[in-house]
């Protein structure tokens, strides 16, 4: 890697920024120095340049097939070394909900957080162990989450919350922090992506506390991935083989072409994101032939290794510049991703896991899947119905009328049966009755200004519906 230098003009920018940031009393010294470090790395343009010809497909030693993992001898001993950490910094805004995304009801009246707590409780009871749950909040979700976790006070589970860093948004025009411009509200700040999980664990004191309790590994996952459950085989493999870091990957489908992939590069395993790919190779990156797997963002990381690397300031992940606009002012937020840290850890591997470990709920179309007869909930685990022969889930596209959870729920009297559905596309003002069955390819498109109601008990198989006569 070439060592990068900062131009005199940028050095001056940085000096001015540093003195402005020093005056921001809302954040800690750790946050100030972390932010300045990130900005100076960004200005120096030290980004790693990927030479396309050097990219190699990882071998089975580096990306281990899940079905080659050894059976597990003893559960409790392993679980006593584990901590579960859920990334809980996101809001439910895209789905029309206020507050943390993790409190949206997913199925059977249970929220993401309810399911996570029930899962870990049942592990703790079954194995007589104490796996704690850590929630990494952002300043957007912290206050609400503190209140919400009180309801689990009598559960058989220790819950710890801590916050990721709060960094000031940068005004593009003069490279000054937005909060110094008198924008003192939340809009002046941003959480710098989940790559920040590692310094936040350290700075919060949680890392040392966990190490003193004999914990060795943390399982990190997005709180909205219903498939990210504790897996003893994976944990056992990492402990046996002294792998400091493991990224769960799964085979790409056409829906995942933009997801980051694992490559072997100059003898190390690393994450390749679409943003790092030269324009002329983007189509090749998206192909399912050459890059067959993508990152689920289920990550297993050794706690001692995190401490060592954070202390050495060695986790220099690729910086993701994220331009935004606040009240007409162009701002920049610099972020990093936890998956990109893989190349800094020793004996890092990927494990190619079944698709069932990746079940994210990003939109109401995903809610439709998990609330349908395609899934059931048992002990907090969301389990796929064996009655469906096709290993892939149906593809579901719902129009903007269904985007918000409230609207989505009001438009379905009950969620249709979709065991035999291949694809569903709904546009316009459509309302679903109760006990409807959808099979094959179904398209329902209401004409503009027309309310289209699908009657109770309707069975729609390979149909295209534009008005009631088509049913």
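Every residue gets a Cβ built from N, Cα and C, even glycine.
Look at TrEMBL and you will find 101, 164, 193, 224, 362 tagged as UTP binding site. Residues annotated as substrate binding site in TrEMBL: 194.
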Close in space, distant in sequence - residue 101 (UTP binding site), Cβ under 8 Å, 6 or more apart: 90, 91, 92, 95, 112, 223, 224
Residue with minimal Cβ packing [other Cβ atoms within 10 Å] among the binding-site residues 194, 362: 362
Which listed residue (164, 224) has most other Cβ within 10 Å, given these are binding-site residues: 164
Cβ neighbours of residue 193 (UTP binding site) where a neighbour is any other Cβ within 10 Å: 23
